[in-house]
């Protein structure tokens with residue numbers, strides 16, 4: 001369902017649009033009948049103002065159908081309303097100060113331009129009536145446009161002073177104009193460190209006796225629901241409430257020492273598995289004996305080198321020496 005502001009906006013724009021169509025029809029009719037002169041200058045100006053108003057109003061109403069996707073912001077709509085208000089104000093001032101409203105209308109045929117003839121459906125009274133309608137509808141549009149412009153500008157300035165500086169960038173159809181200063185329009189929530197406007201009252205903490213009583217009542221309700229045996233211990237009612245020790249807060253805090261690293265010691269289980277020194281050479285129950293065989297070692301005979309091999313070696317060494 002549209003908001004109250006959107007309903008008011010739609011009704012005003014619809015009335016202005018209807019009266020603009022009437023003014024445009026009268027101006028086009030006069031443009032086709034009357035001859036251009038100093039007394040008919042208001043006709044083309046009325047056609048221009050009506051055409052511009054139709055174009056702007058259709059754009060505002062058409063884009064207003066998309067509430068959240070309206071590309072026309074508040075400042076753009078204010079500028080359009082100001083332009084329309086100035087145009088209709090100029091047209092109304094021109095129609096009110098012109099002598100065309102008191103002039104007489106004479107019709108001439110195309111064959112004889114000196115002898116006036118009577119034209120059925122149009123005469124001086126008809127022209128005066130159409131002129132008064134055009135003037136009256138112009139003033140109606142002036143009143144509606146300027147009233148809505150002033151109202152929208154007042155609401156925008158009020159929200160801007162409340163801290164909503166983004167009001168000028170939002171579409172007119174999507175902003176809550178009649179909401180209070182705390183209205184959220186798609187913004188992020190207040191940070192956690194911000195001061196709350198409404199103070200919340202915290203629930204007082206329960207002492208030991210009260211907590212025991214609440215626990216006993218819960219147990220009683222649970223057993224009564226399940227159909228079990230009910231037994232309530234009233235010891236908490238006879239025992240005095242536990243008081244905190246005030247001297248503990250005045251006690252100096254001792255320095256906490258890091259825990260000592262335990263020394264690594266061979267486990268007794270592994271120690272028992274190791275063979276003792278007396279039975280280290282004897283095989284165990286699950287171990288097969290190992291036999292080692294000794295092979296006697298004889299030293300080989302030294303190699304013998306003959307004289308011929310020694311001479312050949314000396315020859316190679318002599319040839320390899322550098323020449324002098």
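A Cβ is built for glycine as well, from the same backbone N, Cα and C atoms used for every other residue.
In TrEMBL, the feature transmembrane segment is placed on 136-157, out of the ranges 136-157, 158-179.
In TrEMBL, the feature transmembrane segment is placed on 12-30, out of the ranges 12-30, 107-125.
The list of residues near the transmembrane segment (136-157) in space but at least 6 beyond its ends in sequence, with Cβ under 8 angstroms from a Cβ of it, reads 8-9, 12, 15-16, 19-20, 22-23, 46, 53, 74, 77-78, 81-82, 84-85, 88-89, 91-92, 95, 167-168, 172, 177-178. Beyond the ends of the transmembrane segment (42-66), by six or more residues, the same chain brings 6, 9-10, 13-14, 16-17, 20-21, 23-24, 26-28, 30-31, 34, 72, 77, 80, 83-84, 87-88, 90-91, 94-95, 98, 100, 134, 138, 141, 171-173 to within a C-beta distance below 8 angstroms of the stretch.
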